[in-house]
Every structure is written in structure tokens, then in C-alpha cells.
Amino acid sequence: MNHFAVILAAGKGTRMKSKLYKVLHPVAGKPMVQHVVDQLTTLGVTRQVVIVGHGAESVKEVLGTSVEYALQSEQLGTGHAVQMAEPVLGQEKGSTLVVCGDTPLLTSETLQSLLQHHAETGAKVTVLTAHADDATGYGRIVRGEDGNVSKIVEHKDANAEELLIKEINTGTYVFDNEMLFEALKQVKNDNVQGEYYLPDVIEIAKADGETIAAYAASTFEETIGVNDRVALAQAETSMRKRTNEHWMRQGVTFIDPASTYIGPDVVIGSDTVLYPGTQLLGNTTIGSECIIGPNSDIRNSEVADQAVVRQSVVTDSKIGPAAQVGPFAHLRQQAVLGANTRIGNFVEVKKSTFGEGSKSAHLSYVGDATIGTNVNLGCGSITVNYDGTNKFQTVIEDDAFIGCNVNLIAPVTVGKNALVAAGSTVTDDVPENGLAIARERQTTKPDYR
């Protein structure tokens with residue numbers, strides 16, 4: 001059977017008190033609505049339609065062409081929002097998930113179980129429910145003797161007995177697609193808010209004698225919608241806890257899980273140790289037996305097995321096996337370190353490649369450079385790559401030795417096994433096995449004072 005999805009993302013989110021569209025607020029470094037789309041994609045949903053409102057262009061910029069869109073120009077209720085998807089999905093046959101774009105904690109496993117329960121019961125509608133310790137404000141699920149849903153009662157309409165029910169409506173549903181759009185045509189807005197409510201479809205299906213099923217999520221926490229900054233912080237904490245526990249079960253050591261932040265797309269090898277203050281975000285891969293942290297920030301980067309990154313910032317870069325980075329180093333914009341390299345304190349590397357065994361241990365800037373194998377860059381050595389208009393390349397070949405406080409004025413090449421004396425400013429190429437000295441001879445005046 002084909003599965004489709006409608007993602008409700010048109011709400012203004014006024015309680016967030018933000019210029020940023022509500023569903024674009026990040027949880028674990030990723031917009032909330034992107035979490036929802038990713039889980040549905042993992043599930044194999046055939047088509048996803050995102051209902052957008054006044055922030056449509058911002059949502060499209062984030063999600064791109066991976067989904068389809070329908071515009072709800074006026075917010076006239078959840079039923080009206082889903083109806084906006086009819087031009088896209090109205091003729092399809094199958095099951096349609098309706099999910100809110102502000103539910104970043106929902107997992108593909110729960111949604112899969114919901115779809116499976118829907119199929120097994122033969123229901124036309126299946127509601128995702130949860131058991132809440134405090135159900136205040138939520139619609140209550142009233143089940144019949146057969147275990148199916150008898151009705152959903154809003155909190156304000158519930159009697160004393162119904163208020164004791166802890167099973168609540170989460171706002172996530174599966175509908176038979178054809179029934180959904182036919183029933184939406186019958187939904188009225190004769191209520192206090194003057195809106196078209198999606199749960200009214202359940203009443204219509206029930207009146208037609210259809211089965212209304214319910215499937216309970218394993219935790220209430222997974223189903224929460226984020227409507228303000230308090231809930232956003234709660235979702236962040238829950239996501240971090242879930243992610244960290246997953247990696248701990250995969251053999252990764254967290255010295256202090258509460259202060260370690262791992263993004264949802266990060267991959268970590270076994271026997272790696274993460275120290276406090278570590279952030280791993282974006283499409284980052286960490287190998288096995290690595291040491292990361294304390295206080296390291298790594299984004300969209302690859303770290304190979306047995307590498308060490310301490311108190312450093314790494315962005316869009318690659319670190320080779322058994323390489324050592326830090327403390328207080330900065331790798332960015334396609335920095336690539338080979339095996340057994342060393343980048344030490346207060347060294348910045350940008351758009352540069354270090355061959356195996358090469359090192360820059362202290363106080364250096366290496367930009368737009370190609371460094372061979374077993375090269376030593378002395379303390380304070382700088383690749384001078386920018387003339388105010390253009391960037392230029394520096395090449396340092398295998399086994400070269402660059403002394404302290406050397407300026408390499410690009411474009412320039414230092415040949416294999418060459419030596420550049422400390423304090424030199426090099427403007428011309430240095431040949432293989434050559435020695436370059438580019439500094440004033442010392443003048444000493446005895447008895448000057």
C-alpha cells in the first residue's frame with residue numbers, strides 16, 4: 001500500500017516570540033520540520049506535502065525539492081490546512097499520515113507501528129495517542145469495549161469521569177486517503193473559533209460506521225509539540241538524551257552526557273571517548289578509538305580512527321588516522337590532515353592539505369597550501385596567501401623544514417628536503433635540498449649602554 005504524508009507547518013507560532021518561522025527553530029542543530037521530514041523519508045513515505053503559510057519561502061529554502069507544498073493563505077483550522085493538500089493527494093489511493101511540523105521527537109519506528117496498527121485493524125482512521133501524567137488541555141481518548149476509539153473529547157467538554165482519562169490525542173493520525181478528502185468536504189466551522197477542525201473527520205467516519213482505531217506511543221515525551229521556548233528547550237534536552245544514549249549503547253564513552261551535544265546525523269565509532277563540552281554537529285563522522293574534547297566543536301567533518309581533537313574547532317575538514325589536533329587549534333574550509341599529523345596550539349589551517357607525519361605545533365596560519373609528508377612548520381610560520389584582492393598557493397614538498405617566524409609569500413614553492421632558516425621572509429622558490437636565508441644579518445654594538 002502507498003503511504004503519503006501531510007505535514008502541518010502553516011502556524012504563525014506567535015508564542016515563540018521570534019522572527020524565525022516556528023517550525024524552522026532548530027532542535028539538535030536541525031530545523032524541527034526537517035526532523036519530521038527525515039523520519040517520514042526513513043519510513044519510505046511516497047509523497048510528503050508540507051502545508052505552509054506566511055513563512056512559505058523560508059520553509060521551501062530549508063526543505064527544497066524533497067517535498068511538495070500547499071499554501072494555506074488563511075489559518076482556518078487543522079481541517080482546512082489538510083484540505084489544502086487535496087490538489088496534490090486527492091486522487092491517490094492509500095494511507096495518509098497527518099503530522100505536525102513542530103513534533104521533532106517523533107520517530108520513524110513509532111510512525112511505522114502506527115501504520116501497521118492501522119492496516120491490521122482495517123480502520124479508516126487511526127489516532128496516535130499517548131499517556132500523560134498531566135493531561136490538562138489535551139483531548140481525551142474514550143475507547144469502547146472493543147478497544148477502538150469511541151470518541152475524542154476535548155478537555156473543556158469532558159465530564160468528571162472523562163477528565164480522569166490519561167490517554168490523550170497527540171494530533172498525529174493515519175487516514176484512508178480517499179475517505180479523508182471526502183469527509184473534509186463535510187466538516188463545518190460552526191464552533192466558537194469559526195475554524196474547520198481535523199478531528200471532526202473522526203466524527204464523520206464514526207457516523208458512517210467506520211472503525212476508528214488508536215495506537216499508543218511508548219512515551220508521551222516523544223509526541224510533544226513545540227509551541228514556545230520552554231517546550232523548545234525540553235525537546236532539545238530530550239533529543240540530546242536520546243541521541244547520547246544511542247551512542248553509548250554502540251560503545252561510545254561519554255564522560256559527561258549532560259554537557260555533550262551530538263547532532264542527529266552524526267556517526268561515531270566504538271571505543272571513542274567524548275569529554276565534556278564536546279559538540280558534534282552536521283554530517284560529521286568520528287572513527288573508532290578517538291579522543292574528542294574537552295570543549296571541542298566539530299561540524300560537517302570526518303575524523304579517522306585513533307585521532308585526538310582537544311579544545312579545538314573543526315569545520316568542513318578531514319582529520320586522518322592517529323592525527324593530533326589542539327589544544328586551541330582551528331581547522332576550516334576543507335582542511336585535510338593525513339595520518340599521524342599534528343596541529344598544535346593556536347594553529348589555524350584553511351583550505352590546506354598536510355601529508356602524513358607533517359606538523360605545525362605552535363602559533364601558525366596555514367592557508368591555501370599543500371604540505372607534503374614529514375614537513376615541520378616551526379613556531380610562528382605563516383603562509384602569506386592574500387594580497388588584498390586574490391588568494392595564492394603555497395607548496396611545501398616532502399621532508400622540508402620551515403624554521404620559526406618564517407613568512408612564505410605566496411605563490412611560492414619550497415622543494416623536497418629544503419630548509420628555510422628562522423626569521424626569513426621567502427618570496428622566491430626554494431630548490432630541493434636548498435637552504436633559504438632571507439633576513440638581515442645581525443649587527444651587535446658592544447658597550448652601547
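Using N, Cα and C of the backbone, Cβ positions are placed for all residues, glycine too.
What Swiss-Prot annotates here:
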- His362: active site, proton acceptor (ACT_SITE)
- 8-11, Lys22, Gln72, 77-78, Gly139, Glu154, Asn169, Asn227, Arg332, Lys350, Tyr365, Asn376: UDP-N-acetyl-alpha-D-glucosamine binding site (BINDING)
- Asp102, Asn227: Mg(2+) binding site (BINDING)
- Asn385, Tyr386, Ala422, Arg439: acetyl-CoA binding site (BINDING)
- 1-229: region 'Pyrophosphorylase' (REGION)
- 230-250: region 'Linker' (REGION)
- 251-449: region 'N-acetyltransferase' (REGION)
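Structure coloured by features recorded in Swiss-Prot.
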| residue | record | Cβ within 10 Å |
| --- | --- | --- |
| Leu8 | UDP-N-acetyl-alpha-D-glucosamine binding site | 28 |
| Ala10 | UDP-N-acetyl-alpha-D-glucosamine binding site | 28 |
| Lys22 | UDP-N-acetyl-alpha-D-glucosamine binding site | 26 |
| Asp102 | Mg(2+) binding site | 27 |
| Gly139 | UDP-N-acetyl-alpha-D-glucosamine binding site | 24 |
| Asn169 | UDP-N-acetyl-alpha-D-glucosamine binding site | 23 |
| Asn227 | Mg(2+) binding site | 15 |
| Arg332 | UDP-N-acetyl-alpha-D-glucosamine binding site | 18 |
| Tyr365 | UDP-N-acetyl-alpha-D-glucosamine binding site | 19 |
| Ala422 | acetyl-CoA binding site | 15 |
Can you give me the same-chain residues 6 or more apart in sequence from Asn385 (acetyl-CoA binding site) with a CB-CB distance under 8 Å?
Gly367, Asp368, Ala369, Lys391, Phe392, Gln393, Thr394, Ala410
Looking only at Asn385, Tyr386, Ala422, Arg439, which the record lists for acetyl-CoA, tell me the maximum pairwise CA distance in angstrom.
22
Same-chain residues near the region 'Linker' (230-250), Cβ under 8 Å, at least 6 residues beyond its ends
16, 25, 27-28, 32, 104-105, 221-222, 224, 257, 260-264, 266, 268, 270
Sort the recorded positions Asp102, His362, Tyr386, Ala422, Arg439 by C-alpha distance from Ala10 (UDP-N-acetyl-alpha-D-glucosamine binding site) and give me just the closest.
Asp102
Inside 10 Å of the Cβ of Tyr386 (acetyl-CoA binding site), count up the other Cβ atoms and send me the figure.
12
Per DSSP (helix/strand/coil reduction), Leu8 (UDP-N-acetyl-alpha-D-glucosamine binding site) sits in strand
Counting only residues 6+ away in sequence within the same chain, which have a CB under 8 Å from the CB of Arg439 (acetyl-CoA binding site)?
Ala421, Gly423, Ser424, Thr425
Does DSSP put Lys22 (UDP-N-acetyl-alpha-D-glucosamine binding site) in a helix, in a strand, or in coil?
helix
